[in-house]
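Annotated features, as they stand in Swiss-Prot:
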BINDING   GLY10, ALA11, GLY12, LEU13, ALA14, GLY15  FAD binding site
Amino acid sequence: MIDKQVIVIGAGLAGCEAAWQIANSGIAVKLVEMRPLNSTPAHHTSEFAELVCSNSFGALSADRAAGLLQEELRTFNSLIIQTADKFSVPAGGALAVDRSKFSKSLTQTLSAHPFVEISRFEQLDLPNKKNITVLATGPLTSDELATKIKKFTGIDSCHFFDAASPIIYGDSINHEIVFKASRYDKGDPAYLNCPINKLDYFNFRNALINGEQASLKDFDKESANFFEACLPIEEIARRGIETMRYGPLKSIGLWNPNWGDLFDRENRLKKRPHAIVQLRKEDLEGKLLNMVGFQTNLKWSEQKRIFRMIPGLEKAEFVRFGVMHRNTFLESPKLLLPTLQFLKRETLFAAGQITGTEGYAAAAAGGLLAGINASLLAKNKNLVTFPNESMIGSLMNFISNRNEIMSNQKKNKFQPMPASFGLVPELTNKIKDKKLRYKAYQERSLKELQVFKKVLDASFKNDQLLVEIN
């Protein structure tokens, strides 16, 4: 007999979303979170869904992959995206949040939900198979539970090294050098920009690649396995003299009006900086600023010394230094069904970054699907998968046994995947223009999801609760 209370292990983005979906379907949830009793190298608080890396969910526009994923989540009343929208901060064309208010609100909302029981302890083993369970422990799953998961699956977990960027006090920067602008003047001037000339750039790069690294278990800078979309800044610097200028330090599309006429070619070539470091608001007031793209494993003393070489940051005061940590994830295509159930146990679901999705919205998407299906299983109803044409559906296909290449061939190495239009099926009528093609993907997805949502709503008819977000 199945226990009707669903257990969700981990109150990160995926776990919070799963718990919300389950509780709002009228099913009792026990949400288990080990913090603050047992924290991780990357966490600083005991709040739910603490954003340990960037405070950005990616592009807002629905004709971008990340933006489409956000819009799909809004369609299904995602707690994560609704809360992100509520506590958003200016970030040009991206959805960025005040991470403190975001996490506190999620904690309060779920703690106040009548169908959610919060349990603060470290889960040391997988619950009994009679318990419907959502495993949403994230990339920083505790060692003991990770060992039990390995024993259950019979497969070693994969890993990569991830890092967080430093945060500095906004009133410690030099505003005579730093200027406000968004790339290509899109939206409000949401970023602060630190221009760097050629000589300063080369001196800065030299300091970066020779900076002393923090010691980290199993980490060797010569052989470490990184996630390519979130490389440490010193690793980017090591890959080539100009590599940073084509990544987080690119200056294209950024211009300070004090430099004169942008459209005067001679002036533009003379005044354009060799590189630019961008700072993004962590809160509405701009009291805290994130160094965009500056994930790092440098020692804290080295971060202070080297990052103060950046023009405008000579007297920067650091709220938080960057840190690196080891991220663990499952070889999901060999373990999961498209419903996010484990092949070996129908009552056990997995969701979030532990499944090999990358990005905050993708983690929420996994929690959304796992939560919906855990609810359906508890109600003895048929489980669902999202349409292949949707970003949610295509991501879940990639991390499940529908990904035939990854699930059947030992030679291919499974790596985390963010939202990408490369995952969705081709259009019936091919469109060469990229912008028009992406727009067509968006329209097709949202149209398919409206049909899917009607079917799903019928499954939950008379069951759903209307609970407001704090």
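Any Cβ shown, glycine's included, is placed from N, Cα and C.
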Give me the count of other Cβ atoms within 10 A of the Cβ belonging to ALA14 (FAD binding site).
36
DSSP three-state call for ALA14 (FAD binding site): helix, strand or coil?
helix
Those same-chain residues, other than GLY10, ALA11, GLY12, LEU13, ALA14, GLY15, found with Cβ within 8 Å of the centroid of the FAD-site Cβ atoms are VAL8, CYS16, GLU17, ALA18, PHE48, ALA49, ALA136, THR137, GLY138, ALA351, GLY352, ALA363, GLY367
Same-chain residues at least 6 apart in sequence whose Cβ lies under 8 Å from ALA11 (FAD binding site)
ALA19, LEU31, VAL32, GLU33, ARG35, PHE48, ALA49, THR107, LEU110, ILE118
Could you list the residues of the same chain, at least six apart in sequence, whose Cβ is under 8 A from the Cβ of GLY10 (FAD binding site)?
VAL32, GLU33, LEU135, ALA136, THR137, GLY138, THR141, GLY352
